[in-house]
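Undergrad: Submitted below is the structure of interest, expressed as structure tokens.
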Amino acid sequence: MRHLGAFLFLLGVLGALTDICEIPEVDIQLVEKLGQRLLPWMDRLSREHLNPSVYVGLRLSSVQDGTKEKLYLRSLKLDYQQCLLRSALSENDSDCQAKPSMGRLSLYLLALRANCEFIRGHKGDRLISQLKRFLEDEKRAIGHNHKGHPHTSYYQYGLGILALCVHQKRVHNNLVGKLLYAVEHDRLHQSHFSVDTAAMAGLAFTCLKRSNFNPDQRHRITMAIRTVQEKILKAQTPEGYFGNVYSTPLALQLLMTSPMSGAELGTACLKAKVALLASLQDGAFQNAVMISQLLPVLNHKTYVDLISPDCLAPRVMLEPATTTLPQIQDPETINVTLQVLSLLQPYRQAIPVLAGSSLEDVLKKAHMLGGFIYEKQASLSGPYLTSVMGKEAGKREFWQLLQAPNTPLQQGIADYRPKDGEAIELRLVSW
């Protein structure tokens, strides 16, 4: 900790010497370790595991696995093009397990640009048309008076605009106007400020501005970029995170594109880098999506660079991580209290699990013991709860994960690992 404190002091001095958001060079071995955590995901080529974000993150990083990357992109193309195009023709296509979301389609388009490909041809036009239909549906849900909300989220709305922009597809002023209004009137978020959502909106606006799209809205776009950047800076915690550790990479992507200047910006970004490095040493960033948002930052890249990606830039070849077999020890059993207090019939039970088990393992064990039921749904960020004790999360509701009594978890059920004696509450909340 003394060394970390000295490092923080040094970066504070350095921050005073710079007035832009720059991330100093990071030890390549650290980047390689992060990249190696993505390699197992590159081997998962089934539909439920394919994740365009993984591919985008690697392509914008300083590391690579050439053969796996090519195979992964090929699998993405086969799955997304066939499934997306068929779902456009039929709502009940048996070859597609679920109609792809706007977010999935947007990330797929980013993956193509990460390989320096533009969407072209008849099939490409169909994909672009489908994404525009998604955005039109969201625009209608928001309404003329802006009192409604997107069916998904403003995060996905901004991601959709960004995906069209990097493919040099113009977005109608009415669609951009909805996102501008949400920023101008602080409607991006329902309950509390979301750094992720603000950063994604800012990245979409930055792409539009750099591409000279929507000239009639240029002044509003410029002001909206400044607004979200200022709010993100104000959301920096004493530890250095923007919001929390997992929203910090996307926030840094936006701030790195910032036309703003000043010692405050430079110092804030350097402080965030120190916080991220400390969290990496503590074992954070096991989730593939979170890693894929961090890797570009460590290579001084952002999603906006997909406007004109450098596909010939040299990147270090990744080698599979070498592991040493640990000594065999008797597994330790811990007790985690699982509670659901927001229902008419509360549930509270101590669940014995092996040390190192995920929260999802706790839920499975509780179900096996009886008296507890739940349902989950897969997403690109990992599984999330849709129903607990027979109660489904309705529209504008979700099952929140908390460390009792009121500390929200920053990881999902597959990534969070409770400690012995910890109490975890599942709470149905509205947003």
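Positions of Cβ are set from backbone N, Cα and C atoms, glycine also.
Just so you know, TrEMBL annotations are computer predictions that nobody has curated.
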Undergrad: Identify which of C207, C269 is listed by TrEMBL as the disulfide partner of C21.
TA: C269
Undergrad: Just choose from C116, C165 the cysteine that TrEMBL connects to C207 via a disulfide.
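TA: The record-listed partner cysteine is C165.
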Undergrad: Non-local Cβ contacts of Q156 (cyanocob(III)alamin binding site) (under 8 Å, 6 or more apart, same chain)?
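TA: Correct list: S101, M102, G103, S106, E138, P150.
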Undergrad: In the structure shown, which of the recorded positions C21, C165, C207, C269, L401 has the fewest Cβ neighbours within 10 Å?
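TA: Looking at the recorded positions C21, C165, C207, C269, L401, the Cβ with the fewest others within 10 Å is that of L401.
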Undergrad: Under 8 Å Cβ to Cβ from T152 (cyanocob(III)alamin binding site), same chain, six or more residues apart: give me those in sequence order, or none if nothing qualifies.
TA: S101, M102, G103, E138
